[in-house]
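Taken from TrEMBL as is:
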DOMAIN    65-335  domain 'G-protein coupled receptors family 1 profile'
TRANSMEM  48-73  transmembrane segment
TRANSMEM  85-104  transmembrane segment
TRANSMEM  124-144  transmembrane segment
TRANSMEM  164-186  transmembrane segment
TRANSMEM  215-240  transmembrane segment
TRANSMEM  280-307  transmembrane segment
TRANSMEM  319-338  transmembrane segment
């Protein structure tokens, strides 16, 4: 009892002298050490506010971009193709990632603990795994659809029907749900001891991807590694096939007129085939580069963290998780902005003076008729190009070389139209 009173008396003296030094420190006393915790608190608050604003902006861009893709596909009849169904499914998956996953992840990461209850924690993790898996599997389905469309365009409409596309999309979402909700609802995804954050005497619950090694390996292989290998293989073969196709067309349609070597070199340098080849290389590079940059670090760290809980810092894991989430904001830009029809649809939606949802899918048609022209899709553009090719072939020319050169130019237009619609 006496020792307790002595300790209490010492604490009272320390508090007294500390308050006195803060009120009147004197000329030779430095108070920077006493004021350091307040500076650290203000710096921490400023950094949290900056990070919160950046993450909220990322969420807004993800939601707005994917909603814009869905509205464009619904309101523009030219975009209601079979291939657009996979883009719509991708946009819905990315929209769920932004609305159902990223919004709660912001609060969880900035607050430092989970405040929505233990039951909703498992639901949130299940939506996280399901929506991210659905987004990646939809990317794989889009790559396979493009490969079939370019590799064998004559059989594409017979193989890939609307029913086949809808069944494929349903299988994608079913597989994503099976890999997420079933094991998480059974409690097979995390160890027996839950993570708890201790701050002094108060214990705060946490909600994070604390996975078992078995579930981490199986879910990562199904959600990422297998689709990643398929996508890399498909896009590599697609690019090689596109290069061979362009070279074969260039060899067949080579102009026979006698020109100098300098003129021929300049024509080939500015030929539409070189432009298409360069565009295909850039598109494939951007698609695969963005996908790998966003998801490879997270899934590598995810497996390492499952086997070694202390090997990956918590801050690094959060940063890599948000890097994977950011792919949902990049997908609408990559898979839509490179397409001319999507760009035109976005321009009509953003510049229209009436809500696009009230148009019932005929806003593009009414706008085209108001301008005095008919709406054109890829099939119409191809037909017009071939019709111009036929007209140019029957017009009289002064020489056979000029006639063949005219056919070459018209066939260039057809090839470029088909490549634009396919991309």
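Cβ coordinates come from backbone N, Cα and C, glycine included.
Any TrEMBL annotation is an automated prediction that lacks curation.
Quick caveat, the model's predicted, so the values are computed rather than measured.
Under 8 Å from some Cβ of the transmembrane segment (124-144) lie the Cβ atoms of residues 83, 86-87, 89-90, 93-94, 96-97, 100-101, 104-105, 116, 168-169, 172-173, 175-177, 179-181, 184-185, 189, 207, 209, 219, 222-224, 227-228, 230-231, 234-235, 238, 291, 295, 324, 327-328, 331, 335, all in the same chain and six or more residues away from its ends. Looking at which of 85-104, 164-186, 215-240, 280-307 has the most CB pairs under 8 Å to the transmembrane segment (319-338), the answer is the stretch 280-307.
The list of residues near the transmembrane segment (215-240) in space but at least 6 beyond its ends in sequence, with Cβ under 8 angstroms from a Cβ of it, reads 129, 132-133, 136-137, 139-140, 143-144, 146-147, 150-151, 175-176, 179-180, 183, 188-189, 280-281, 284, 287-288, 291-292, 295-296, 299, 302-303, 305-307. Long-range Cβ contacts of the transmembrane segment (85-104) within its own chain (Cβ-Cβ under 8 Å, at least 6 residues beyond either end) map to 55, 58-59, 62-63, 66-67, 69-70, 73, 116, 124, 127-128, 131-132, 134-135, 138-139, 141-142, 145, 162, 165-166, 168-169, 172-173, 325, 327-329, 331-332, 335-336. Mean pLDDT for the domain 'G-protein coupled receptors family 1 profile' (65-335) in this predicted model: 83.
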